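> This is the structure I have questions about; it appears just below.
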């Protein structure tokens, strides 16, 4: 690729790649940014990640990996700001980004890649100042989320919806996680189809790989003969962990003998620090009469998470909205079949009927039926596990980085062509 950028400014305002996934606002996007940046660096592209400083304990710049630098930008108080408060800090954040670039020779950054709409607002202004292409990844779409709200969940604010429209108009190219997201950008936001590229996220196939289930269960403290259902993610209405708990209660109500061996593991934390106890789920488990089968586990690092995937019989992903669903791919890479909602990118992440089962809607009874259909058919469960590994192998991060770098190259070439046409027109 002749037009490969030398250096990219990658913007992630609201969540740092150094944060533990599963805590606060840290999740799949954090994993995405870390892994993509590392693989881009492997291709010879330097990456500088700008993120809001949330503690004074870290230096202004931290080396994440060879060729990958994390820059902490002071914008508002370190603590006490929710994601919804951050629009008020975008001017300060943008100022910090522009000051950093001004310390270098002009043309220091060849391209901007912003992640989530907040970062897109910053990228829009930086693009105008620096005269470089802006690539934007939404990760989630406010209009899509509002169309599929969970009970008790708050709708995305108008500021976000308007901000997303602005970013779609400003970006030179948009990267969608799946073809469905690409079509939603065109249909709901009026994006030019020629400026939308689909690049599937990836999975670390070295870390997330099949292994000995008995050893994994011993590692995480689970009985060797248990029937283990696993939920991984932030504990919030959007991710619908309550659907899994209600499905487990339905399983036991249908067949009380399942209680003896059933284990439901919930790995993750609520918004905020992510380390608080999910008291509402504890109460729900008690009310459903299944507190004895549910285990709540605070967020764990990626290596430990792989053990949880390998220890599980089935990973359950009942989200109301997912632009892709990294949890589903990670679980499958470890050889664990998935029962997931038929929403968004999960239809791409899961090979329905081969590596898992997609469920229409969020009726706990339907999830109970899907789970029982695998637990009660060991040969089918094993076949799904083998197929899951094969399916996940298509989603390595190196392929994601190569496709992303191609989008970068085309954007740089487009800008050069535009400038050449303008030069010719002015002569």
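Note: Cβ is positioned from N, Cα and C throughout, glycine not excepted.
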> Of the candidates 303, 336, which does Swiss-Prot annotate as part of the Mg(2+) site that also includes 309, 310, 312?
336
> Among the binding-site residues 14, 30, 116, 160, 300, 330, report those whose Cα falls within 10 Å of that of residue 336 (Mg(2+) binding site); none is a fine answer.
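Of 14, 30, 116, 160, 300, 330, within range: 330.
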> Between residue 30 (1D-myo-inositol 3-phosphate binding site) and residue 239 (UDP-N-acetyl-alpha-D-glucosamine binding site), find the distance joining the two CA atoms and give it rounded to the nearest Å.
17
> In angstrom units, rounded to an integer, how far apart are the Cα atoms of residue 14 (1D-myo-inositol 3-phosphate binding site) and residue 309 (Mg(2+) binding site)?
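The separation of the Cα atoms works out to 28 Å.
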> Of the binding-site residues 28, 234, 300, 330, which one sits closest to residue 310 (Mg(2+) binding site) when you measure Cα to Cα?
330
> Out of the binding-site residues 28, 160, 239, 322, 330, give me the one sitting nearest to residue 312 (Mg(2+) binding site) by CA distance.
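It is 330, whose Cα lies nearest.
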> Please identify, among the binding-site residues 28, 116, 160, the one with the smallest Cα-Cα distance to residue 300 (UDP-N-acetyl-alpha-D-glucosamine binding site).
28
> Anything within 10 Å of residue 309 (Mg(2+) binding site)? Look among the binding-site residues 28, 160, 234, 322, comparing CA atoms, and list what you find.
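Final answer: none.
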